Amino acid sequence: MWPQPRLPPRPAMSEETRQSKLAAAKKKLREYQQRNSPGVPTGAKKKKKIKNGSNPETTTSGGCHSPEDTPKDNAATLQPSDDTVLPGGVPSPGASLTSMAASQNHDADNVPNLMDETKTFSSTESLRQLSQQLNGLVCESATCVNGEGPASSANLKDLESRYQQLAVALDSSYVTNKQLNITIEKLKQQNQEITDQLEEEKKECHQKQGALREQLQVHIQTIGILVSEKAELQTALAHTQHAARQKEGESEDLASRLQYSRRRVGELERALSAVSTQQKKADRYNKELTKERDALRLELYKNTQSNEDLKQEKSELEEKLRVLVTEKAGMQLNLEELQKKLEMTELLLQQFSSRCEAPDANQQLQQAMEERAQLEAHLGQVMESVRQLQMERDKYAENLKGESAMWRQRMQQMSEQVHTLREEKECSMSRVQELETSLAELRNQMAEPPPPEPPAGPSEVEQQLQAEAEHLRKELEGLAGQLQAQVQDNEGLSRLNREQEERLLELERAAELWGEQAEARRQILETMQNDRTTISRALSQNRELKEQLAELQSGFVKLTNENMEITSALQSEQHVKRELGKKLGELQEKLSELKETVELKSQEAQSLQQQRDQYLGHLQQYVAAYQQLTSEKEVLHNQLLLQTQLVDQLQQQEAQGKAVAEMARQELQETQERLEAATQQNQQLRAQLSLMAHPGEGDGLDREEEEDEEEEEEEAVAVPQPMPSIPEDLESREAMVAFFNSAVASAEEEQARLRGQLKEQRVRCRRLAHLLASAQKEPEAAAPAPGTGGDSVCGETHRALQGAMEKLQSRFMELMQEKADLKERVEELEHRCIQLSGETDTIGEYIALYQSQRAVLKERHREKEEYISRLAQDKEEMKVKLLELQELVLRLVGDRNEWHGRFLAAAQNPADEPTSGAPAPQELGAANQQGDLCEVSLAGSVEPAQGEAREGSPRDNPTAQQIMQLLREMQNPRERPGLGSNPCIPFFYRADENDEVKITVI
């Protein structure tokens, strides 16, 4: 209750004090507003917008609040004009207007526009009536108290103008509300269009998600298959590793067994795990063996060439021997013919001596003289032939000496010998031709008819002829002696031939020594062959192990190929999974942001609804207080009528009035403090509202609000979205597919719902922000009327504000707790994402390792294929060489048969005369019997070859059979009884079942 004054105050003093107090209060309010207006952070955008009749001092802060300024904004949310009561008990016009505007906004949300208009008009009319009543009361009280009409009328005019301004502001707020309703309709249409677009986008998203689900199902199936194959591959790998370990043990056993034969093979078997080094060593060893084989082939080729040269030399020497034998036989025939001629001449001489008469003595003498000349010429020829034979003998001896030297010097000297022998052969052939001509002449002379018988009785001529015949006989005897000497010379030549044969035997012995050396070489080759057999066995075992290892490698290659395919499929699946996860993360982040914004908006709406309820309660309280004030004013008016009679008493009680003024000042200070506290709380609430809703700066700033909304949406899209939390108990792909489908569907539903809620909350927040802005623009202070009811109203509003602040604090704590929980959830999801990325990195490392192993195996396989191709090429080349050698051997056998035929023909010519022709075959046979050679005697034994010369095939030839037998013995050197006198060919051959010659490669 208001305190009752004991004495009425002086009118002049009370009016002056009232005006001074009002001026001081206005100044303090302005200073307070100026102090509170820079509470917005620096860089914020401030706008002063003066509406129709509104107070130009009211400003609206529309700056964007940063997260660092949220506590300040929360502290600066409440304004002092919303819920304050002046000390005089009259509610401030700003508070009433804000409460009425809030009620009108609430009614506009629920009731059509016509009801809003009627309510606004009724409220303005009621305000005007109240203002008129107050003006009348104030005027009457002023006129009754002191009669100062003009001052009180001026104050009343000020109040009327103030109330008119408030009414104009109310009309403008109505107009703005109407405009806001129009904008709300437009926004509803836009919202409908956006919802239609969202539905279309949802349909498209559903279609895309259906395709993605199918792909995801296929990928999950493939992942399951890959996992099963991975398990199978791991088991197969374990088996292969176990088998490889067993093989390693076996290889170590084999290495210990083969260590005594070949250390290299043992090293290769012990180092079975290091296949690459083993293969390189084996390649090196094979290269060394091929080099040794090539060296042996070169030596063998050189030996064969030397043997062929020796055979050619031997054949040439045999031809020379044959020529000499034929020349010797021809000379013997010539000697026999000469003996026959001598006998014939003796018979003729006897006939001439027996017959005395010779009618044709002159002719006979001439014939005898001619015969003598012929005999002398023949004798000279024979002497020349003897000399030539001696010269040839000397040359032959020199040639034999040269041959021994040539054997040491080999090919060059042998060619010179062949050249000299060819020259000698030509000379001897010329001599033989001369002898043949002489023989033909003698035969012609023998074929002439005998002369007629001479008359009996020797004459002088006959005696002369007889003397000449005796002389001729003597000459013939001398010739016979010369022939005997020549025969002796021939015997010497035969001795020389024997010596030459001995030398040939020595050469054959040297050849035998060479053969023994060849045997030693053969033994070395046998040892090498034994080593090679052991090596071949080891290599066969190694080859088997390599084949097994190749099988393992091929299986490993298959496994690696399958693993590569699996890993590629896994990579594609993981890529698709990542994309789906990113999309789901984006959707979930959008949903979370939408949820947060919807929660914030719902919280803001709840807080605004609470504030609206509080404002309505305060408005009702203010109406009740106003009614009380009007009743009290009537009572006071009656008291003022009574107090006119007590003016004197009031003058006496000035001191009491001063005390009352001081109490009013104190109450004004208390109300100012309460106003400051309320403004701080209002600023805090306004900061919370600006943080939650980001409303516009003032009245009708839809474009800036839309820009803020677009910025919020862009920030929601640009924020990195967490990965979806995939539960760990999803073992089957069906469960995973169902989980992803449900997650996508729920995300879409929540996204659509939260978008709708966000739009609704934004609309509500805009409305509330406009209402708050319009309410904040109203004047916040009025002149306090003297009374006694202000303390109770201020206490109730303070308690209501305290309750609202406690609710806001509790809600703020709940929001902070939810935010902390969400942060923990986000951190957990990020941890899961990091784990998934680590697993994908390990899978990528496994893939890289598989690829490197696969590349190494491919390189090894390629090297093996190249090595096999080189071996096949070498094999084909060796086959071609073997065919060429086989043809050469067959050609040698054919040449041998031809030489056999020649020797047989040469041996059959002197067979008719056993006395003279016997020594030649005996000599040839001696040459065969004395020479136990290791090479093929191409001259051969004449006696067994005579009966078999007609057979042309080399299979029926005993020498060829001997060659084949020797080849078999050479192939199996341990089973060979010995060389003996069997000839051999210095090549390595193999005879098959058909006795065909094939060269084997060691």
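The backbone N, Cα and C atoms fix where each Cβ goes, glycine too.
Sequence annotations record features per position, and here Swiss-Prot assigns region 'Interaction with p115/USO1' to 1-84 based on similarity to another entry. The compositional bias 'Pro residues' annotation in Swiss-Prot covers 1-11. Summarising the annotation, Swiss-Prot assigns region 'Disordered' to 1-107, 694-724. According to Swiss-Prot, the feature coiled coil maps to 16-892, an assignment based on sequence analysis. Per Swiss-Prot, dimethylated arginine is recorded for Arg18, Arg30, Arg35. The phosphoserine annotation in Swiss-Prot covers Ser37, Ser66, Ser273, Ser438, Ser690, Ser937, Ser953, Ser981. According to Swiss-Prot, the feature compositional bias 'Acidic residues' maps to 702-716. Marked as region 'Interaction with GORASP1/GRASP65' by Swiss-Prot: 992-1002.
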If you count the C-beta atoms lying within 10 Å of each candidate's C-beta, which of the modified residues Arg18, Arg30 ends up with the smallest number? Arg30
What's the CA to CA span in angstrom from Arg18 (dimethylated arginine) over to Arg30 (dimethylated arginine)? 18
Per-residue pLDDT averaged over the coiled coil (16-892) comes to what? 69
When DSSP is mapped onto helix/strand/coil, what comes out for Arg30 (dimethylated arginine)? helix
